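To start, the structure itself, in structure tokens.
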Amino acid sequence: MHNKNNTILNMIKGESVSHTPVWFMRQAGRSQPEYRRLKEKYSLFEITHQAELCAYVTHLPVDNYNTDAAVLYKDIMTPLQPIGVDVEIKSGIGPVIHNPIKTIQDVEKLGHIDPKRDVPYVLDTIKLLTEEKLNVPLIGFTGAPFTLASYMIEGGPSKNYNFTKAMMYSDEATWFALMDHLVEMSITYTSAQIEAGAQIIQVFDSWVGALNVQDYRYYIKPAMNKLISGIKEKYNVPVILFGVGASHLADEWNTLPIDVLGLDWRLSIKEASSMNIDKTLQGNLDPSLLLAPWDVIEERLKAILDQGIAHGKHIFNLGHGVFPEVKPETLKRVTTFVHDYTQR
């Protein structure tokens, strides 16, 4: 590919770069006027199941904001339907699961994903983007076992994860069987994304902050090790791990075979660096700040970028996803500022 911008890959490898790379979680989709126009005609399901539409939405932020990576426009629920999870995305609520997991028999009933058969539209989207000469690396992704399991057990989003924790503490056989099943599914799903052309994988563990260190280490970490090792043993592709409200788990994450540790806004780059975290750090502007006046945004950007430069390996991102209310011109201005301020 002509003039490919590999800044993000070079940063992760520790090679020289011309600037700090930038991308935004949820950069594709709801904050873009072009996407909102599409949503007037098509449902979310229709957009994600039509490769041309999905590739268009994935490509938009690279063109509009000049980001250093594209992130596949999909939902972490995508691979669950093919294995027998009756999931519906409800507006204003999120994923609702009509057949929650309660027993070992429910886990045993789950099927196995065959990406070419079950999610061809995901692979077709990636291939289209590759053929379209996308000039930045494409990030594929999967949900992490805990976050997926929490939806599957609770039946949807939860504040306290009571049913999930109850299963962990009272029915280890079912819990670990579910972990194994989700690890196998995620390895198969991400492998297919990589073979289709994804160059980076991000594992989203959005809700893992609900656990303390002891429980994470015992109930979750073995599955995370298996998942990340399963990807890394087969492919020379960097893996990013991101969780929300989980700074207390940073030490545990640092010993996983990941390449990049994504931080939310609660733990600064400087603090993470001082904990001897040796991974590339990603983050971590509070997405709410994108609704603030520019001088406030700029001041926070400088602090994060200075800390990132001091750490050595840093990818600029938000501490969570872009809100629908954020103006596209703000995201473009942030990208331009990051590129200019960190010019090497």
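These residue numbers are counts, starting from 1, taken along the chain as shown.
Keep in mind that glycine also has a Cβ here, set from the backbone N, Cα and C atoms.
For reference, Swiss-Prot has these:
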- Arg26, Gln27, Ala28, Gly29, Arg30, Phe45, Asp75, Tyr151, Ser206, His320: substrate binding site (BINDING)
- Asp75: site 'Transition state stabilizer' (SITE)
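Looking only at other Cβ atoms within 10 Å, the busiest spot among the binding-site residues Arg26, Arg30 turns out to be Arg26.
The Cβ of Ala28 (substrate binding site) lies under 8 Å from the Cβ of Tyr35, Val57, Thr58, Leu60, Pro61, Ala70, Val71, Leu72, Tyr73, each of these being in the same chain and 6 or more residues away along the sequence. Counting only same-chain residues six or more apart in sequence, the Cβ atoms lying under 8 angstroms from the Cβ of Ser206 (substrate binding site) belong to Ile76, Gly143, Thr147, Phe242, Gly243, Val244.
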